[in-house]
């Protein structure tokens with residue numbers, strides 16, 4: 001009798017994706033982040049669902065409903081902090097996942113990579129709208145500042161902003177629609193993640209060497225299921241440690257003050273995972289230029305496959321490119337730090353230099369270095 005997992009229509013899909021999937025024998029722990037992102041998404045959807053049962057998307061009651069969740073709902077504080085810090089874990093995994101793709105040349109799978117970029121935009125949009133929901137000071141002013149950026153779009157800008165706001169300022173209509181979008185987007189993200197996997201399984205996984213692994217494949221189960229479970233346990237360990245010992249470590253104290261349109265906080269800044277993009281936005285004095293740079297800071301990822309000039313796929317055997325990659329990582333850490341600092345000397349000039357370096361590295365230095373390495377190897 002044939003095994004049910006190989007005959008049943010639904011089980012066949014699961015089997016070919018997670019059990020009998022041929023995987024390269026040499027993929028390292030950097031390949032764990034895909035499954036970790038899946039776990040993060042599940043955690044976020046589940047905790048978000050339970051939060052939505054008690055949350056009210058009204059400007060008058062939103063803040064107090066979050067307080068009510070933390071004080072009166074059974075384990076409400078746990079659900080709320082798992083959701084808030086789960087977002088941080090989500091972005092840590094996202095950045096590492098993208099970094100892995102850049103280092104090992106996974107971007108050569110064009111469809112998979114482009115859907116990944118789309119997913120990154122969707123997750124960032126979801127996180128931004130989620131940050132607005134508690135209706136604290138930073139929620140309100142963050143929403144005001146970021147949505148206002150759209151007014152830089154010529155001709156239709158101001159109409160577009162009012163259309164998004166549902167009025168002449170960030171108010172009840174804005175909060176309600178942000179809640180609706182924040183609820184629906186994770187399910188769209190889940191569907192996109194399914195398509196992301198579908199395209200990945202068309203080609204099979206890349207591996208650290210960047211060479212074809214067709215000659216040496218192993219089944220996904222038990223080898224990589226066990227490996228993924230270890231990653232998941234470590235993720236849960238870090239997340240629960242964060243939630244139970246210092247749940248507000250990554251948050252902003254200003255968000256514990258109810259939103260007040262008449263009082264602007266001294267330093268308006270987004271959550272830590274947006275600070276690098278925020279620093280790039282602030283480094284350009286012109287409003288439209290800043291908005292374009294902000295979008296390009298993520299959209300530049302979509303151009304990377306076309307800037308690949310090396311004859312090797314991975315950076316594993318390319319020391320000069322490795323140096324530039326780690327300079328890029330250091331540059332992003334610098335931008336994240338600058339994004340959280342006030343707009344004053346010397347932070348302004350550091351931010352501007354780091355922003356220039358970010359685009360210069362990706363668009364100019366890395367492709368040229370790859371060509372140089374080809375010549376050094378007489379390829």
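Note that Cβ sites are derived from N, Cα and C of the backbone, with glycine treated the same way.
Here is what Swiss-Prot says about this protein:
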TRANSMEM  33-53  transmembrane segment
TRANSMEM  77-98  transmembrane segment
BINDING   83, 182  heme b b562 binding site
BINDING   97, 196  heme b b566 binding site
TRANSMEM  113-133  transmembrane segment
TRANSMEM  178-198  transmembrane segment
BINDING   201  ubiquinone binding site
TRANSMEM  226-246  transmembrane segment
TRANSMEM  288-308  transmembrane segment
TRANSMEM  320-340  transmembrane segment
TRANSMEM  347-367  transmembrane segment
Worksheet item: If we call contact 3 or more Cβ pairs under 8 Å (sequence gap 6 or more), are the transmembrane segment (288-308) and the transmembrane segment (33-53) touching?
Response: no
Item to complete: Find the one among the binding-site residues 97, 196, 201 whose C-alpha lies closest to that of residue 83 (heme b b562 binding site).
Response: 97
Worksheet item: Just going by other Cβ atoms within 10 Å, which of the binding-site residues 83, 97, 196, 201 has the emptiest spot?
Response: 201
Worksheet item: To the transmembrane segment (33-53), which of 113-133, 226-246, 347-367 is linked by the most Cβ pairs under 8 Å?
Response: 226-246
Discussion item. Could you check whether the transmembrane segment (77-98) packs against the transmembrane segment (178-198) - three or more CB pairs closer than 8 Å, residues at least 6 apart in sequence?
Written reply: no
Worksheet item: When you measure from the Cβ of residue 182 (heme b b562 binding site), which residues in the chain that are at least 6 apart have a Cβ under 8 Å away?
Response: 48, 126, 129, 130, 133
Worksheet entry | For the transmembrane segment (226-246), sequence-distant contacts whose Cβ falls under 8 Å of one of its Cβ atoms, 6 or more beyond its ends | 29, 32-33, 35-36, 39-40, 43, 78, 81-82, 85-86, 88-89, 93
Practice prompt. Sorry to bug you, but what's the C-alpha spacing from the residue listed as 'ubiquinone binding site' to residue 97 (heme b b566 binding site), rounded to the closest Å?
Written response: 17
